[in-house]
Amino acid sequence: MGTSDVNVNSSSSLVKDFLHKCGGVAVIDGGFATELERHGADLNDPLWSAKCLLTDPHLVRAVHLDYLEAGADIILSSSYQATIQGFKAKGYSIEESESLLKRSVEIACEARDVYYNRCCETSADQSTDGKVLKQRPILVAASVGSYGAYLADGSEYSGEYGDAVDLNFLKDFHRRRVQLLANSGADLIAFETVPNKLEAQAFVELLKEEDIKTPAWLSFNSKDGVNVVSGDSLSECAAIGESCEKVLAVGINCTPPRFILDLILSIKQVTTKPILIYPNSGESYDGIRKEWSNTGVTDEDFVPYVNKWCEAGASLVGGCCRTTPNTIRAIHKSLSGKRTV
Ligand SMILES: C[S+](C)CC[C@H](N)C(=O)O
Ligand SMILES: N[C@@H](CCS)C(=O)O
Ligand SMILES: [Zn+2]
């Protein structure tokens with residue numbers, strides 16, 4: 001057995017072991033880019049949330065910390081739309097771009113360190129203003145958004161890349177970023193808002209070809225509750241995750257809450273891996289104007305479904321775009337009876 005086999009075996013139970021320590025269900029953080037915006041960041045930029053790595057790394061750290069204090073057990077780095085190609089288009093060198101990518105994970109790890117220090121400093125009888133300050137296992141996941149995210153026009157909600165974009169193109173597009181993020185100190189890689197089957201295939205092939213030691217999750221988005229946004233079959237997409245030993249969980253993110261239950265039931269047919277769910281608020285996004293239209297959906301609409309989703313098979317639950325630390329606090333509270341620790 002080579003060293004790579006040893007490493008894969010030792011990380012192959014990371015999510016299941018983590019879930020066990022969390023009492024069966026883990027809380028994922030909430031919308032990251034939209035939370036930066038709520039704090040005043042202007043993300044009308046091709047880099048979207050990754051712009052803050054350049055302009056306001058302190059805010060990036062503060063938002064991670066807010067999610068930890070709201071009860072998130074897993075935080076995702078600010079690298080969703082951070083790509084070497086995107087930074088290069090802004091005039092950054094390859095070295096600078098690579099260092100920004102690594103920085104995104106370092107900042108998340110720093111937030112975790114600050115959080116643990118706060119937990120130590122807070123005695124049990126101190127008031128914590130509703131903050132969850134509890135020493136517990138916390139994972140940092142390196143976010144990898146799709147090629148559509150890099151296009152910066154909301155294409156991750158269509159998954160239509162045109163005929164020129166084939167499997168090799170997507171693998172080459174993502175290769176260096178995945179290598180870097182895998183060696184950045186993150187506990188896992190979060191391939192998220194994956195809009196089509198081709199890109200899912202590219203991600204799992206990259207994990208194998210590049211002998212990536214950091215395990216991953218694979219999370220798709222849907223706009224009809226049946227298929228992924230491109231129209232590709234969710235079952236076929238989830239089965240790609242199931243086929244790869246380095247993918248430790250499969251699920252759905254950035255999808256309206258009303259579709260989630262059916263999507264869990266569909267994924268459950270094809271996977272034995274933990275299922276993760278982190279829906280958006282249910283509002284619509286205009287990818288050109290980079291604006292959300294508020295359809296009146298609120299945190300209160302979302303949270304009551306969380307226990308049903310867990311009963312249906314989800315074991316990692318959080319929020320995506322336009323959810324906030326309040327959403328995560330409410331999810332944490334709502335799951336507290338379900339957790340066995
Ligand atoms: C999941 S969508 C809201 C992401 C935003 C998009 N990549 C953009 O740049 O507008
Ligand atoms: N983790 C990213 C996903 C965007 S769909 C974010 O929350 O900004
Ligand atoms: Zn989202």
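Placed from the backbone N, Cα and C atoms, the Cβ positions cover glycine too.
Remark: C320 (Zn(2+) binding site) has G30, G31, T193, N253, C254, T255, Y278, P279, N280 as non-local neighbours, by Cβ distance under 8 Å and separation of at least 6 in sequence. Residues annotated as Zn(2+) binding site in TrEMBL: C254, C320, C321.
If you look up TrEMBL, you'll see 14-335 marked as domain 'Hcy-binding'.
Same-chain neighbours of the Zn(2+) site beyond C254, C320, C321, judged by a C-beta within 8 angstroms of the site's C-beta center, are, in sequence order, G31, T34, T193, N221, N253, T255, Y278, P279, N280, S281, G319, R322, T323. Between the binding-site residues C254, C321, C254 has the most other Cβ atoms inside 10 Å of its own Cβ, all protein chains included.
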